[in-house]
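Look at Swiss-Prot and you will find HIS83, HIS182 tagged as heme b b562 binding site, backed by similarity to another entry. What Swiss-Prot lists as heme b b566 binding site is HIS97, HIS196. Annotation source Swiss-Prot lists ubiquinone binding site at HIS201. If you look up Swiss-Prot, you'll see 33-53, 77-98, 113-133, 178-198, 226-246, 288-308, 320-340, 347-367 marked as transmembrane segment.
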Amino acid sequence: MTNIRKTHPLLKIINSSFVDLPAPSSLSSWWNFGSLLGVCLAVQILTGLFLAMHYTSDTTTAFNSVAHICRDVNYGWLLRYLHANGASMFFICLYLHIGRGLYYGSYTYSETWNIGILLLFAVMATAFMGYVLPWGQMSFWGATVITNLLSAIPYIGTDLVQWIWGGFSVDKATLTRFFAFHFLLPFIVTALVMVHLLFLHETGSNNPTGISSDSDMIPFHPYYTIKDILGLLIMLAILSALVLFSPDLLGDPDNYTPANPLNTPPHIKPEWYFLFAYANLRSIPNKLGGVLALVMSILILAIVPALHTSKQRSMMFRPLSQCLFWLLVTVLLTLTWIGGQPVENPFIIIGQVASILYFLILLILMPLTSIIENYLLKW
């Protein structure tokens, strides 16, 4: 008798995606982050759902409702800090996942890659709106500054900002709509994840060598299920340590002060995972130019496949490209650091140099290096 998992209409979809899926035999731990991101999304939706049961999206009560969750709700503090730090883990896994894609040439699966970029934007939008909800000082001023950037768009900018705000400033209408969208977007993200997986399973996974692995495949279960469980345990250990020992490590102390439109914090900055893009924004003295740099710092991922000039897919056997890749990583870390610093020397010039390097590496140096490597290999 054929196993039910292979015949049942619903189970056979799950079976072909997670059980009998043929996978390359050489996948390293860098291929764990897809499953970790799935777990992060599930954790965020579950904790968020329970938080939403106690949260009120009104400017007069939002801050107090978060305090009420932490003080009076059973394990409310745990839910709140799991949700806040879960977002940080989400972005750590997301950036490592994208870095893996860049290093091993996974971006040549253009459909999967483009859905991934859409996912990145959707998750970033969700995280930004979620940061506004506790209605602390940094929530309010972060929302004001970031939404105000849209006013740089010629002709329609001011109208667009007021339309998003629902008035002439960030107020009750803004908070209510941000809560509505913050609740809705994770489900759109879940749908996009399914499309992402659908496109991935059309082609099969890439592997560290970048060479076709059709002749050497192994079943996903038990080999990669057990490997993913190990990765999951490590991630949950890190998340638990963060939540239970140092829950405010990655947050901003200003957000423990209720929002006050009459008092601007000395240094307005977004959450750490947006700082690299924020540093790109600040490194250009012109408002519209800064906004374009901010958007392009993420949208540049969409043109990476078009700039792939190497005859090899992966960077595994390309030492010059590897050096550039790790330089790019250090530039991104530098931008993240600069984004959290005040706007004064020497931080301004460091940020500008790092921004130029960021775009230079991705747009010019990497394609040129690939051509040089082709020449050295006489290809």
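Note that Cβ sites are derived from N, Cα and C of the backbone, with glycine treated the same way.
Sequence features annotated in Swiss-Prot and their locations in the structure.
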residue	record	Cβ contacts under 8 Å, 6 or more apart
HIS83	heme b b562 binding site	GLN44, THR47, GLY48, LEU51
HIS97	heme b b566 binding site	PHE33, GLY34, LEU37
HIS182	heme b b562 binding site	GLY48, THR126, MET129, GLY130, LEU133
HIS196	heme b b566 binding site	THR112, ILE115, GLY116, LEU119
HIS201	ubiquinone binding site	SER16, SER17, LEU21
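Outside the transmembrane segment (77-98) by six or more residues, the chain places 30, 33-34, 36-37, 40-41, 43-44, 47-48, 50-51, 66, 69-71, 116, 120, 123, 127, 130, 235, 238-239, 242-243, 247, 250-251, 271-273, 301 with a CB less than 8 A from a CB of the stretch. A Cβ distance under 8 Å defines the sequence-distant neighbours of the transmembrane segment (33-53), meaning residues of its chain 6+ beyond its ends; these are 69, 79-80, 82-83, 86-87, 89-90, 93-94, 96-97, 100, 130, 182-183, 186-187, 189-190, 193, 228, 231-232, 235. Contact between the transmembrane segment (347-367) and the transmembrane segment (288-308) is supported by 3 or more Cβ pairs under 8 Å, counting only residues 6 or more apart in sequence. Packing against the transmembrane segment (226-246) from elsewhere in the chain are residues 29, 32-33, 35-36, 39-40, 78, 81-82, 85-86, 88-89, 93: each is 6 or more residues past its ends and has a CB under 8 Å from a CB in it.
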